[in-house]
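Peer 1: Reproduced below are the annotations present in TrEMBL:
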TRANSMEM  18-37  transmembrane segment
DOMAIN    18-442  domain 'Major facilitator superfamily (MFS) profile'
TRANSMEM  116-133  transmembrane segment
TRANSMEM  145-166  transmembrane segment
TRANSMEM  289-310  transmembrane segment
TRANSMEM  387-407  transmembrane segment
DOMAIN    448-874  domain 'Major facilitator superfamily (MFS) profile'
TRANSMEM  548-565  transmembrane segment
TRANSMEM  577-599  transmembrane segment
TRANSMEM  680-708  transmembrane segment
TRANSMEM  720-742  transmembrane segment
TRANSMEM  749-771  transmembrane segment
TRANSMEM  783-807  transmembrane segment
TRANSMEM  852-870  transmembrane segment
């Protein structure tokens, strides 16, 4: 920007920008959202004349969002039409109405009306403030200004928490109203937005406004020209229809609305609204008001710190750090309430709630708090800024109303542990969104959506279905329609593998013959048949038939999923999509073990069938595999399919030429004999089949199939169902972590770590059962089964889980991919059948320690096979992998960048 460096960055000019930011109303915003924290406990107490119930309190808390909804979009329009300055000054009116009504309120209805007016003011502030700040700042000061705005919000929060702990709520409200009035009065003496003045042909006033916020001697002509260029040719506001047809607007809204959604589901508003209540539930022995004040002071300190560091890295870095920190702290808080529910106690446990919320507050203040305010002002041109910010803030406050209204209900019905787990998972999803957002967000998102629709959730559900269901069917007190013996239960568990064996090879052939899309959609049919059969099954034979059909669907997904992913993915994204496929498998596992612990198996099965049907329908709207279309000489459709999954600047022609060369290396598909005479195919099969056997020797499917039974055999005090849920959640979280790690090292590195780690964990579990057999006991021994299986689950997810799915799609040329993956999956599920059928028998006849010793030794020794027979494929195109596999130089040389 053509400004004089010294004058443009003058201390006085920046102080004026900070003053304007202060007077825009962030203090009132912080006051508004935190007012309920100290006030509701007063209003709910027996000494209060209002004496609100929990239901009435939840309405008083959430009605704020309705006021914001009433104001957000109109304020955006009014600010664009009459100027931000008039709107900011006018917003003091609903603040004063709120103050007066609260002071004289005698029932919940008038109190709710007052909160509604507070919401009107809050909604206006949220819309107008980012607009005004983005138009008066200099670029180098923008981040600091946004952080200062966030800081002042926390000043309001801290003021409410401290003053509200010692004075009556009416006194508190009057104090806050007076402060709001003073700040609005100061804003009268500040200039109008330069952009608004330029849009209304008031150039001299615009120059004066810019000089007010820079320096009287500052040359602002360059800035004026930029503003003219920005608004020139767009003197009118775009209509909603025109805006939604604009790619720049859609991309901006995707980023802004997406981050708004995740900000609301981080739970920050619930924490602020109900801080005192949360600490009351935690029962730490520390005064809840004191804890609340500490929490708010940390938020303030975090905002202060962020003022000085916000420009040291890009926005995405701070968002990523923020989301990871918040998810971890929320998960720890959930674990605290989980332990509290089961009476687990130890020295220092009482500091966990405050500590985790302190870390949570710092994490929020480092990214999710201030960055949203910054991007709302940065992403949109003047002709749509009012409309876009109105839409974003409407989304914000719709969700705030929903979250703050439902939070007390979630605490009551789900328990605080699962409530905070829910918010932690939302933050993990937010981290994924931040990781992949950008100009090519939409194409990347489409690749991830396709991965979801391929059915990995169904695959995970199919694998883990027996974990919660078999104990229901084998329990003497079961309400199940079927009562199974241990032998019958093992057949029900293993029968899924028979179904996979039936479908693996045919699915590969059919996918090559008719296309992945048709086969994927068709695989919904056996899932629906499985659902119907389980609902009406009254004997073990019909149940086994249902599991057979479930296996047919699972086998098909195992084959066509890696095929489709490898053919639509960017080379740079292929590893993450493979990890995401694995992550979704664990989503299915978590859904099954969590729901299965609380609902009847018929209800669980209906839920899973419905999910599969919805995903199958969604896949109808996705394109066919580009490779399949090229093999059918449908280049135009292949180009269209590839463009669907690629950004605009992607070299589609080169990608299509590469596919053409790959699929036309041979005029016809080779026979099995000819395929096995190919050096590349043989090497690929040795690697893929060997890795598949290693994966099964880790006993992962035995653990997933019989998680509850293993914990029952361990005989610890922890509930087996809860232990299985913990393991499933760890698997899920591990899969998320791998999403961000998988491309940072070679595939073999992760396999080494995974094999050695899982082998040690299985050995420790075997040792536990061995010690238990001889009645050896020592303090903390009961923690060994859960700890070893949790670490085992994490280490499996690091390598043996995702890497095979990547390699299946990478090692084979298109003309043999279906056949080769079919053979690999057949091997996989043959081993799965053997392991899942024999594990319960071995544990019963040989002792629980023997099978786990066997699997431990096997998986540790498998590192030798990985060293010499598994090729490194990271960072290589499919064509390069095939060329190197077919060379006479032995194994593929490792990529220099690995």
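Note that Cβ sites are derived from N, Cα and C of the backbone, with glycine treated the same way.
Keep in mind the model is a prediction, meaning the values are calculated, not measured.
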Peer 1: Should anything in the same chain at least six residues away from the transmembrane segment (852-870) have a Cβ under 8 Å from its Cβ atoms, list it; otherwise answer none.
Peer 2: 686-687, 690-691, 694, 697-699, 702, 747-748, 751-752, 755-756, 758-760, 762-763, 765-766, 769, 807, 891
Peer 1: Restricting to the same chain and to residues at least six past its boundaries, which positions have a Cβ under 8 Å from a Cβ of the transmembrane segment (749-771)?
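Peer 2: For the transmembrane segment (749-771), the far contacts come to 691, 694, 698-699, 713-714, 738, 741-742, 777, 781, 784-785, 788-789, 791-792, 795-796, 798-803, 847-853, 855-860, 862-863, 866, 870, 898.
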Peer 1: Quick one: find which recorded stretch in 116-133, 387-407, 548-565, 577-599 has the most Cβ pairs under 8 Å with the transmembrane segment (18-37).
Peer 2: 116-133
Peer 1: Among 116-133, 387-407, 577-599, point out the range having the most Cβ pairs under 8 angstroms from the transmembrane segment (548-565).
Peer 2: 577-599
